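Feature list (source: Swiss-Prot):
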type: BINDING; residues: 111, 112, 113, 114, 115, 116, 117, 118, 119, 120, 121, 122, 123, 124; note: acetyl-CoA binding site
type: DOMAIN; residues: 1-177; note: domain 'N-acetyltransferase'
């Protein structure tokens, strides 16, 4: 993405971290337009109607943009080569054994390298710089609805070959869950603030299996005192519809029997 201006006084180094405050302080329409146009190319590659990244969205969010650019001394132009947008989100994740984890994790929300700069190491330079600034390891990163190309990139550059898809379209890697337990005597640190809930929820093929603790509410028709306690509630689709119909009739009867307020 070419800009007919010298952006060195505005952006500074060729790898730059732009948090919302820094983006707002730029106050340069040329830079704003260049970043927005680069984000439009990213959206076009993903076949999206609207771009995921704009300077306006960055200013009004908690996301951070890592931008790679350079100044061409011969042609006297600046070139924006690529970017990565990241942000921290609280996620509920499931490993391959359907055990649940929750916590705040760094998410890659948008990632793009200009077609004229691809296969030149620009993408890895951006992510390596981002990892160093965010104090995060590659296996601790979550990907927001990644493309096959991005998954292949993470596999080739960082050796992350076992993606675990989530029902929220986020993807994490198996190493994230292995970090919570010692494997072969080597323990990797999990992301800050991560923990495994005491009542994990398992999502299968349309069914939700919840394991309750010993001190679960007694007497509740769908909660027992012991783990794996039998459930006597009618959980079939027909039963659920019948329960909702009965509740609707009860509410209607209550409304009709109530005294008017006027």
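Each residue, glycine too, has its Cβ placed from N, Cα and C.
Residues within less than 8 Å, Cβ to Cβ, of residue 113 (acetyl-CoA binding site) and separated from it by at least 6 positions along the same chain comprise 68, 81, 82, 122, 123, 126. When the binding-site residues 111, 115 are compared by the number of other C-beta atoms lying within 10 angstroms of their own C-beta, 115 comes out lowest. DSSP assigns residue 115 (acetyl-CoA binding site) to a helical segment in the three-state reduction. Under the DSSP three-state reduction, residue 123 (acetyl-CoA binding site) is assigned to helix. Confidence across the domain 'N-acetyltransferase' (1-177), taken as the mean pLDDT and rounded to a whole number, stands at 93.
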